[in-house]
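S.K.: Would you mind keeping the following structure in view while I ask a few things?
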C-alpha cells in the first residue's frame, strides 16, 4: 500500500461535476451524443443559456421500437469501422432560435435549408426549435418542429418520441453536405460551436454557425501546437475551409511526427551550395569597412563578406522593425458580424487576441569550414558593433536610498582586511571591554532561562561566548557577584545547593530595572553616564569605560524593562556618544535598540521613542556635517549596530555564523538580508554609487543590460580564445574575463560582468551552472522547508542576471541535442544577439540543425512540431526548398575550395601504413573474433529489419550491438586495450612475451575445463553401465579416467574429487568380483590412492583451521590485558552521568549523545533510533546498562559456541549438518550446532556493530515463499553488511568526549579510553572469531563433499519415496537411456574440445620456442612429410603437429574431407582439423619492419609502427611536430610508454587541468615534437599549425571527427605541407571498415563525411563486417 496519507475525507461530488465526469467510450466513433432517458422532461423555465443544438436518434417512434433500435445501433457502432460509421449512423441536428445572452460567441458563417415545393413552415417557426434529420433521399432532409416551450434549456434537450415534437417532417434541401453537418454536430457536442436560426425569406431557412468561447484555443505561446484533441482541430479546419476558403498552400497533410523516414543520403554539400548561391544573389543592406583599428590581422575578402553579413543579421545601423506584425502561422479573419478573430490554418486553432510575431532573429550560424579564421571574424564583429542603448537603471543607486554597510564594532577597522584573509592566524590578544559583571550575569540568566533554570556552567559559557569575558581568570569574581544578586533578590536559586544548583530571575528584578530605567529616561546624558560609572565602580569587577578617541570603543550595554509590559529585551539597549556630549537613546518598549542616524555609517536605525524625531534628524545632520574626522569616526563606531535590531537577519554564502569573524557586512536593498561584502564581491567604494542586491534578488530581477559578449567554448580551446584575443587585438582594447563558475568565483556582481567586453566560459562550467539556477530564495516559502535553518545560502548563477549583448556558442555542434545540460543552460541565458559558430554544424544529419535553431530561438521552428512539419517532413518527401531557404537566412558558409586562392594553404597528402599481425597477436585476434562474431550475430538476430540504420535505434541498443565491433577494433591496436581481458593499464603495459605467457595460461585453463567435462562424462557413463549390469564396461571407463589423468599429469590438473570418484567406485567393482573384469597391475594400489586423495583434500581444511585459531589468540590476549586495566566497580560512563547530573549539565550531555548518534545516521523505516528512546540522563543510563548487558551476554554465548566446535567433528555432528544446511531437503532447518552458532553471531553482531542488512533467519524466511524451491543451498557466510560503529559505542565516545571537555576526574577519562580500545579489540575478535567458525564449518563441509564425491548414478528403488526437490544422482528407470545418450554426446564434445585446446597449447609452446632470439626465429625441426626444415614459416593443426606451408597447402587442395571439403586430417594422428582452425606461424614479418630503424621494447604491431613512423619523421625532418590521435585513452597510454622506452620526448592531453600547460609546451618547446590527443576532446576547435604530421592510429567511424582532427593543422596560418598517416592491419576488421568508408565516400562524398558511426552503418552492414571477415579468415 502507498504510504501517502489521505489529506481529507471523501466527499460527494455535486451533480454538475458528475455530469462532467461521465463519458462514452465510443464517442469518437459516433456522430451523435448519448441519448437521454425518456423520463426527462422536455421543457421548463425560459431563461437558460445552454447548448442550442442537440442530436436526436431519429423521428418519433414508439418506446419499444426506439429501445430495440438503440440496441441495434449500439451493436453496429461497436462493429463498424471508422468509414462505415459515418455512413451508418443517423444524422440528427437540432437548431434553436437566436436569443441574445451574456455569453461570448462569434458568427462564422451560415448555411441554407431550402423548402421543397408544397412544403410550408408552421406558425412562429423562427421562435421555435427544430430537429434536422435525413430522409430516404440522400440529398433531402426532414425538419421536425418542437412544440412551444418556455424553458429554452429543456426545449433544447427535448427527446425523440416525446409529446413536444411534431410527428410530421418538413422536407428541405441543405447547402451543406451530410458529412459537413456531421462535423458540425460533433463540434457542437464538444461545446465548440452553436447553431442558431437567422432571419430570412419564407422558403429559405438560414442556420448560423457561431463559435463559442469554449471553441477558442488557449495557447501558452503563439507557436504552441495546441493541446486540444486532434479531431476537433481537423473538423474546425474543414469548417473554416468551407466558410472562408482557407487552403494551406504547399504543405502536405499532417502526419504523425514519428512517421517520416530519413531520406537516403542527405547531401549536405547541396545545402551548403544553396546557402552560398543565396548569399551571392542577395544585396547587402549593410556594407561597412570592418577593418577595425584595434584588429591586428588584415581581413581577407571572404572574411569581410562574412562580417558584413553578421552585421546585417544584427541590424547594424538599421532601425528595429515595429513589433506589430502578425505571426507567421496565423491569419486574420473578420466575421460577418464584424468581430476580428485569428485563425491558424495549420492546426485549426482560433483565438481572439492579436498574435504578435516573435522577436526577429538577431544572430545566426557562422559555419565557415575549419581553418578559415572564424575566431578573427567574431572578434571583428565584436569590435565593430558595440551596444549603444545600455540601460543603467539596475546599475545606479535609486534616489533616496543608501546601501547599508557596517563593520562589527568589536573589530578595529584597520585590522578588518587582515582578519578576512587570515581569520585562523594567531594574533595578539586584544583588549576587550565588557559590561559590569552584574549586567552580564543578569543577561545570561534572563536569556538562557528555561523550565529548570540556568546552571552556573551555562552562565560561564554565555558570558564567555557573548561578552568575550575571561571566565577562567575571573571565575571567583563571577561567583561573588552571583551571591550578591541572590542576596539582593535579583536572582533566586530554584534547585540544588551552592553553585551546583540552577538559578532564575528573582522577584526584585522587575522593580530594580524599572526604577533605573525611569531615572535614565529623564536624566541628562552626562548624569546617566556618571551613574553608570558609579555602578561599575561599586562592583568588584573589571571597569568598562569607553575611550573618547579609540576605534575600539564598545557601546554601553544596559538592560531595562519599561513599565510592567512583559516585552522581551533580546538585545541590549545602546548608549552612544555624539560630538562633545553624550546622549542615551533607550527604546522604552525594549524591543530594539535606538540611536541617532549617522549619515556616514549608512545604517538603518530603529525609531526612538525617548528623543523626538526632529532632534534625531538634527543630530544626524550634525554628525554628517562634523568637520572633525575623529568625531566622525567616533560617531560611526558608536552608532547602533544593525545586529542588535530585532529584524536583523544574516545568512551568507560562505556558511559562517553571524557571531564569527569581523568581516564587513552589507544589506540587500530588496529583501534586507545581511551578507559579507567580500563574499558577494561588493566593494565599499561603491556604497554611494552602485546598489547592492543579494544574489537571489538579482537573479529574480530584470537582467542587467551590458555590452559584454559571452563566448561559450569547449574546455580544450577556452585558453585558445584568450591567446587569439591577445594576438589579434591591440592591447587595452578589450576587457576579457574567463569565468569559471560560482564554485571558483563565488557570486560575481552583474555590474562587474557588465563592465567586461568579453566573458569566456566553457561548456563544462555552463553545464555545472545549471545546478545553480532556480534556487529558492532564503526568504521564500521554498527556501525554508527544512527541519533546521540552513547554515549557508546556496549561490545562484549570475549568468542569468545579465542581458548579454551577444552570446556565441563556439563549436556549437556540442549543443545540437537540445536536451543536454549545456544546451538547456544556454537557452536560459538572456541575450540580444545569438550566434552559433561551428565548422561542422551537421554531423549525424540535417536534424542536428534543430538544436541550433532552438538556441537561436527562431519561431516557429524552435518548436519540434513545426520544425518537423514545415521543414523536415517536406525535406524527407523530396521537397527541400523550405528547409534550404530557411537555413540560408540564418547561416553563412565558406568552404576551403571556394576561397583556396585567398588563404594560400599548402597541400595536404596522405600515407597508408598496411601492417601484418605477429603470430601471437594473430592468435589473440582470432580468439577475440570468434567470441565477438558469435556475440554480434546473436544480438543482430533480435532485430527483424536489417535495413534499419543504427541511428534509428535507441542508444542502449546501438551501444550493445557495437560492443563486439569495439572489442575487435581495440584488439587491432593492442591486446591490453580490450577491456576485461587483462589487468588495467595502470599496472604496466604488457609486452608481447607477456601476452604469449598470458595466452598460454588461458589456454591451459581451457584445457583443464575441457578435461573436467570429459572426466565427468566418463564417470557418468560408468554409472549408467553399472545400472545396466555392464560391469566390465564400467570398470574400463573408470580406468580410462585414471589413465587420462596420468597421461596429462604434466600438462593439466585433474580434479581430485573426480579422481577419487573413479578410484573408489572401481575399487568397489573389483571388490564385488563381478565376472568379466580383467585385472591390472594397478588394482592393488587403489585403496592407498583413495586414502591419499582423502588426506590431501582434508589437509587444506585442517591447515586453514589451525591458521585461523593461531590468528585469534593474540587478539584474545590483548582483550584480557585491557580488561585488567579497568579497576572500578561501577562502569566509568555511569560515573560520568552521575557527575553531570550533580553539576546540572545533564541536558548538555544528553544533547551531545543525541547529536553523536544522529550524525551521519541513515534511519531505517522500521527501526527506532537509540536517540529517540531516551530524553534525559536516567533514560540514557538505563539504555546503556541494558545494551552492555546484552552485549556481554551474547559475547559469552558466541565464545562458548565456538569453543564447542573446536574438537574433531563426530559422526552425529556431520550428519546433523548434512541434513540441516549442507544437503537439506528443501530449506535449511537451522538445527545443527553450526547454524545455531551463526544465529548467535548474528545477534552478537547486531549488538557490536550498527548493521542494516538482514540476517540469515530473515533471508531464509523470505525464501520459504519461493515456489521454485531453494535458490541457493549455501548458508550466507556472514550477515553481510555494513560494519559501522554501533550506537552504543558512539554513545560511549560522546560521553568520553564530554568528560574530557568538562575536565572530569582523570580516572574516568582513562577508563573510558581503555573501554574504547576494548571495543576495537572486541570488533577485531568478532571478525577473527567468525573466520574461525567458517573454517570449522568448512572442515565439516569438506568431509561431506568427500562422501558425496563417491556417490554415483543410481535408479530410485521401488519403495523409495521420490525426492523433492529432485536429486541429481538418483534417476528414474525410464531416464537411464536418456542420460546415456546425453553423456555420450558430452563425451564427444569434450574430447573434441580437449584436442583443439591441447593443439592450441602446443602451438603456443612451439611459438615460444621459435621466438627464442638465440635461434634467430628459425624452427630447426623437420617437416614430418617432406623432411625439410620448418624454418621461419610453418602451419600448426589443432592436434599440435607442425607441417611446412607447402605440404599444408597440398593437403588442403588435394586431400580435404568432410562437407564442402572444409577439413583436413593430420598426416600423423589422423585427427580432423577444419581449414579455419589451421594456425600459421610467421617468425619474420618483413612488411612491418624497417631494419634501419629499430624500436626498443616489445610492443604490438601497431604501436611499434606508430613509434617507428615518429622516429622516421624526426630523422627526415628534425624539429617537425606530429599529432597522434586515437579514440581510446588506453591506446594513447600504451603509445606514451613505448615513446618513453625509446627516449622520445612528448606531451599528452588527458586531463583538463593540464590541458593548456601541455599544449603550450608542445607549441613552444623545441624539444617536444609529439602530442598525444584523444579524438573526442582534442579534435574540436584547436589551432595547432605548428604541427605538420597527423597520425590516426585506427580508422575512425565518424568522419566528422576525422575531419576535425585533420583540420587542426590544415588551416589558416599553416606554411608547410601537411601529411596524414593512417595505420591499418591487414585481414582484420580494420580493412573491412576502411573499404566500407571508402565506398560510402565515393557514393556520397559529403554526406558520408558528416555522419557518425550510427548513421553510416546499417544492421545488415554491421553483420556484413563480421561475416565477410569470417570468410577472409577461412
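In case you wondered, yes, glycine gets a Cβ from its N, Cα and C as well.
Straight out of Swiss-Prot:
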BINDING   368, 369, 370, 371, 372, 373, 374, 375  ATP binding site
COMPBIAS  12-26  compositional bias 'Basic and acidic residues'
COMPBIAS  526-541  compositional bias 'Basic and acidic residues'
DOMAIN    433-507  domain 'H15'
MOD_RES   259  phosphoserine
MOD_RES   261  phosphoserine
MOD_RES   626  phosphoserine
MOTIF     810-813  motif 'DEAQ box'
ZN_FING   649-700  zinc finger
ZN_FING   1423-1470  zinc finger
S.K.: If you take the centroid of the Cβ atoms of 368, 369, 370, 371, 372, 373, 374, 375, the listed ATP site, which other residues of that chain have their Cβ within 8 Å of it?
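M.R.: Residues close to the ATP site, other than 368, 369, 370, 371, 372, 373, 374, 375: 839, 894, 1611, 1612.
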S.K.: Would you please pick out, from the binding-site residues 371, 373, the one with the fewest other Cβ atoms within 10 Å of its Cβ?
M.R.: 371
S.K.: How many other Cβ atoms sit within 10 Å of the Cβ of residue 372 (ATP binding site)?
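M.R.: Its Cβ shell of radius 10 Å holds 25 other Cβ atoms.
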S.K.: Within the motif 'DEAQ box' (810-813), how many residues are helix, strand or coil going by DSSP?
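M.R.: The counts are 2 helix, 1 strand, 1 coil.
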S.K.: For the motif 'DEAQ box' (810-813), would you mind checking the mean pLDDT of the predicted model?
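M.R.: PLDDT averaged over the stretch: 83.
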S.K.: What is the number of residues in the zinc finger (649-700) that are helix, strand and coil, as DSSP sees it?
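M.R.: The breakdown for the zinc finger (649-700) reads 9 helix, 7 strand, 36 coil.
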S.K.: Go ahead and report the DSSP secondary structure tallies for the zinc finger (1423-1470): helix first, then strand, then coil.
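M.R.: Here the numbers are 13 helix, 14 strand, 21 coil.
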S.K.: Per DSSP, to which secondary structure element type does residue 372 (ATP binding site) belong, with helix, strand and coil as the options?
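M.R.: Assignment for residue 372 (ATP binding site) reads coil.
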S.K.: Please give me the CB contact count at 10 A for residue 370 (ATP binding site), counting all chains in the structure.
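M.R.: There are 21 such Cβ atoms around residue 370 (ATP binding site).
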